[in-house]
Amino acid sequence: MQFLYSGLTTGSIYTLVAIGFNIIYNTTGIINFAQGEFVMLGGMFIYTALHFLNFPIYISFIVALISAFILGMIAERIFFNSIKIKTEINLITITLALAIILRGASMIIWGRDSLKVDPYITEKTVAMPGGVLTTSSLLVIVVSIVVAIILSFFFKFTKYGKAFRACHNDPYAASNCGINVNKIKMLSFAIAATIGCIAGILITPITFVTYNDGIMTGLKGFSAAIFGGLGRFSGAIVGGYFLAIAESFFASILPSGYKDAFAFIILLIILFALPNGILGKKKAERV
Amino acid sequence: MKELNRKFFIFNIILIIVLGLTVKNDYYLSLITYIMINAVLASGLNILLGYAGIISLCQAAFFGIGAYLSGILTVHYSFSPLLTVLIGIVATFFVAFIIGYPALKLHGHYLAMATLGFGMIIYIFANELDMFTGGPSGLVGIPYFSIFGFEFDNEMKNFILFATIYLISLVFLELFDKSFISYDFRFIRESEHASSAFGINFKKEKVLLFAVIAAYSSMIGSFYAFYSQFISPSSIGINYSIEILAMAIIGGLGTTYGGIVGAVIISLIPEVFASFEDYEIIIYGGILAFCIIFFPYGIVGFFKRLKIAKN
């Protein structure tokens, strides 16, 4: 049973990353390969605010989130808005370029070592049927579920949420209805960066953070998003938890080094067999 | 059929002969050899991406399969080098065929992610199968390439070997560019439905092209393993795949020489910025982003358009 509980913690993180992918995909149709880098940066920001600038804990959260929000906006303006020829290949490459730049910059700023942040709440273990869960893990699970629920309400029921979705369906019609498509696109990157930052803040006390963590986190978040069906929030939750629980189950029976390979094998199987994901209903990408 | 571009061939042959005769420094010779390796890999990706529109982020993995197969078979089982190159080519062809068959039904982002995932799997296996691959510290003691008792045991001999491979691939590149097959692929890139209506079996052609380019990358990987006598997971990782992609894009997709120009530029960056080692990765990213934003057709494509505009 213990693998189930450790799966829940990482699953929450995958879910948040997957939601980040979905937000950008739903408004712009882009897969942001740099999404994992925002998670890494979340950890870096909270480390800087807490241990370098010595801010109190709540201020640190706010500072980290605002920095991620602004960074997301800047990234969209510089990297995506300025592309003249928006072919798929160009969009993929520019997100890869963004990921490389963010990774390189954080290597220079924060160095190559793992950085550690103290737990935000006092560390205790909670006995669960068949295993234990730490309070830090519990915090991760609760916060990510709350974020997921708030976001899905935001996108489903509020006026702004509808504007976001309209942009993806038909940008021209959306702008005719008075939606500022340009601004919405920028906001979607900013919100996705903030969600990534939340994931980074949550996970840093548990796993620490290194400058090149982003690739793995990003790919696994994408696997989770694909698993549940790209663009669907409920899919992100299902995919995130399924992937993480399966992964920690396999880690308990196989040498742990293969754990990551397992996630990608799932990714390939899902892409080949069900490119819409298990909850997806949109038109398939395959021809 | 258009005429082959003889000027470029002659220019390349002369350049290589001149470099071979004048450059006596082993370090510079090895640099030129690496540029030629990168140029061949990037040209391969350029054919995939520029002509057929197949984005592949696992070229380094195919390169790695060849390199590791050659390394493992010669180090642990004392196979003859030439045989391992052939085994690598055949094995990679089949692996790429098996991966490509389902993967090439995907497009764009999905295909990019699938190939990225495959690249990661190969990278993880290279790290984890340390019984064979030596794990993260790499496989050492790979012999030099030898054929019929002749050993390529110094920089000069290897330079000649890679120059030969490079020039042969230039010929193939030109032949491909001017052949009807390349028009098929351009047609497939523009519209798969339309091309199939014209009787092109686009699925078969795409998978075959993918597997052929993979096998070609594997061959270069094998020769690279013999040349450097060492192979480690870090040289076959995602970063290298992205570097190859950057070369193809910066040079210019869908142009014959784009891969070569891109390879020269990207390979020289670490030399030019030797004192800013930490900034290297940012410089790659920056150049890539700059190129996509301001030169969306790459350098060769830019000059081509300039020429057309003048005429």
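Keep in mind that glycine also has a Cβ here, set from the backbone N, Cα and C atoms.
In TrEMBL, annotation is done automatically, which means it is predicted and not curated.
Taken verbatim from TrEMBL:
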TRANSMEM  A:12-35  transmembrane segment
TRANSMEM  A:55-79  transmembrane segment
TRANSMEM  A:91-111  transmembrane segment
TRANSMEM  A:131-155  transmembrane segment
TRANSMEM  A:189-211  transmembrane segment
TRANSMEM  A:231-254  transmembrane segment
TRANSMEM  A:261-279  transmembrane segment
Recorded stretch that, among A:12-35, A:55-79, A:91-111, A:189-211, A:231-254, has the most CB pairs under 8 Å to the transmembrane segment (A:261-279): A:231-254
Distal contacts, the transmembrane segment (A:131-155) - CB-CB under 8 A, six or more residues away: 1-2, 4-6, 8-9, 12-13, 15-16, 19, 23, 26, 119-125, 161-162, 164-165, 195, 198-199, 202-203, 205-206, 233-234, 236-237
Touch test for the transmembrane segment (A:231-254) and the transmembrane segment (A:12-35), at least 3 Cβ pairs under 8 Å: yes
Tertiary contacts of the transmembrane segment (A:91-111), as residues 6+ beyond its ends and Cβ separation under 8 Å: 30-34, 36-38, 40-41, 44, 47-48, 75, 79-80, 83, 211-212, 214-215, 218
Surrounding residues of the transmembrane segment (A:55-79) on its own chain - C-beta under 8 Å, 6+ positions past either end: 34, 38, 41-42, 45-46, 49, 94-95, 97-98, 120, 185-194, 196-198, 201
